[in-house]
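As structure tokens, the structure follows; a few thoughts come after it.
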Amino acid sequence: MTAHQNGTLSTEASDFLLNCFIRSPSWQHWLSLPLSLLFLLAMGANATLVITIRLEASLHQPLYYLLSLLSLLDIVLCLTVIPKVLAIFWFDLRHISFPACFLQMYIMNCFLAMESCTFMLMAYDRYVAICHPLRYPSIITDQFVVKAAMFILTRNVLMTLPIPILSAQLRYCGRNVIENCICANMSVSRLSCDDVTINRLYQFTGGWTLLGSDLILIFLSYTLILRAVLRLKAEGAVAKALSTCGSHFILILFFSTILLVFVLTHVAKKKVSPDVPVLLNVFHHVIPAALNPIVYGVRTQEIKQGIQRLLKKGC
């Protein structure tokens, strides 16, 4: 494999090779079916949700706009990661070019951060709905959603851009085999002959700055919501208030739990198989994406009715 020259990619450089589950190769066989089913479920459910929100006038509300944004992010993440993983599983297509690898790295980091930011804004939406219901129509408006989308895009595009740039500037003069199913930043940087301290530091600080701050604000929002709910004295008010944010809270649990497990397995990597973080990294891009629209579709009456109306029109 030819090295980078002067910090740039050499025109003679070969592709990277993605080597999934090197210690447990049999995993590829039994993972391919559930992974492909989860991928189809994620794509179909999210597309259905986006179309339903787009066509149903009753769903043209800020919360559902944010939910459709979340679905679009899930679709892009799935398309960026899962088809390549399945191609490796089924056809042993392990080659990935330098540009494609760094592009995948950027999309994964950027869109996961966008998802986290979207969850934070949805938590703020629920906070205003529960704690300041009379002011909700004047605070959570269509203009608020537009500004929120611009904030999500600007913050995460700029903050995650240095990750692939730093990795692309490294010299790769040794092995070209990435011990992962995807182009994760540190899996790629580990192949470099250069010092990767800056890469590690930016990945750590950037990740905790973006995801950590979002999780803190989400926790704060739900703490205030819980405090406000417990003060309600009207009969059935507590159950009704909690039901309005139950779906959203479940989605946050899906997203944060698998992310937390992934982080913990990296911290305790000497005590677990190196293939476990790889497995969690792949599933983190498809399980929340598959479950998000289902949870909202099942638990939200307006979305359920909207889907039923669209199905009747189609018939």
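Numbering starts at 1 and runs along the chain as displayed.
Glycine too: its Cβ is placed from the backbone N, Cα and C atoms.
The annotation transmembrane segment is assigned in TrEMBL to 31-51, 63-91, 103-124, 144-166, 208-230, 242-264, 276-298. Annotation comment: TrEMBL describes 45-296 as domain 'G-protein coupled receptors family 1 profile'.
Touching of the transmembrane segment (208-230) and the transmembrane segment (103-124) is concluded from the presence of at least three CB pairs under 8 A, sequence neighbours closer than 6 excluded.
Taking Cβ pairs closer than 8 Å, the transmembrane segment (276-298) reaches residues 20-21, 27, 31, 35, 38-39, 41-42, 45-46, 48-49, 67, 70-71, 74-75, 77-78, 80-82, 85, 108, 115, 179-182, 184, 247, 250-251, 254-255, 258-259, 261-262, 265-266, 269, 304, 307 in its own chain, all 6 or more past its ends. Within the chain, the transmembrane segment (31-51) has long-range Cβ neighbours (under 8 A, six or more residues past its boundaries) at 67-68, 71-72, 74-75, 78-79, 82-83, 85-86, 89-90, 279, 282-283, 286-287, 289-290, 292-294, 296-297, 303, 307, 310. Per-residue pLDDT, averaged along the domain 'G-protein coupled receptors family 1 profile' (45-296), amounts to 88 for this model.
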